[in-house]
């Protein structure tokens with residue numbers, strides 16, 4: 001099974017609409033063929049319209065950083081998955097460690113969001129990963145397997161084949177500790193084996209798994225050489241056009 005690599009920038013709470021347009025103008029003629037590498041930017045909700053307009057006709061896919069699990073209602077401050085689809089959004093990040101940590105999102109919330117995203121014809125990027133405390137207790141596999149089982153509950157094999165899972169070791173973010181490419185591969189392999197156990201081998205071979213711990217131009221080739229790593233969920237290194245281009249064109 002040949003999986004198309006997917007490099008996704010997660011801008012977090014950075015960039016305004018003007019900066020967004022400037023960024024896309026700088027990269028859109030230099031992106032790889034989407035059959036080789038899928039290039040994706042996930043932007044703050046306030047930038048999505050500018051991002052979509054600037055990227056029109058290019059190889060850049062558009063993603064949101066979050067959404068709610070209801071299409072409409074009295075949910076002040078939330079983002080509707082139905083409206084995201086109407087805007088032309090392709091992917092939505094859910095379950096990011098910052099959402100779980102700062103905003104107390106639960107596995108149940110993330111599962112509901114995954115179902116809402118599929119119901120509206122988009123694809124979720126489901127994040128998972130363990131803390132330093134969990135890693136030092138050697139419980140990382142149990143932790144991540146439990147997250148995956150909860151996130152995928154009730155999804156069909158066809159749906160799981162089309163989504164993206166992003167492994168982000170929380171212990172390697174801002175701690176001075178670094179996950180080696182072998183550690184990243186070990187966990188991505190565990191995730192794939194979990195999907196196989198829950199569904200079947202074909203589904204496990206289809207699902208794309210990203211690594212999301214300080215991916216940058218200097219380490220992207222080594223990470224992408226690993227058999228179970230199909231892409232990167234990139235934070236800071238995706239904010240600069242030249243850096244983002246170096247990441248998505250890592251095969252050159």
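The backbone N, Cα and C atoms fix where each Cβ goes, glycine too.
Swiss-Prot annotations:
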BINDING   10, 11, 12, 174, 214, 235, 236  substrate binding site
ACT_SITE  96  active site, electrophile
ACT_SITE  168  active site, proton acceptor
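Projection of Swiss-Prot feature records onto the structure.
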residue : record                       : contacts (Cβ under 8 Å, 6+ apart)
10      : substrate binding site       : 42, 65, 93, 96, 212, 233, 234, 235, 238
11      : substrate binding site       : 41, 42, 43, 44, 47, 65, 238, 239
12      : substrate binding site       : 44, 65, 98, 235
168     : active site, proton acceptor : 96, 97, 127, 128, 129, 211, 212, 213, 233
214     : substrate binding site       : 172, 173, 178, 235
236     : substrate binding site       : 216
Query raised in the report: Within 10 Å of the Cβ of residue 235 (substrate binding site), how many other Cβ atoms can be counted across all chains shown?
Result: 21
Report summary line: Counting every protein chain shown, other Cβ atoms within 10 Å of the Cβ of the residue listed as 'active site, electrophile' number 27
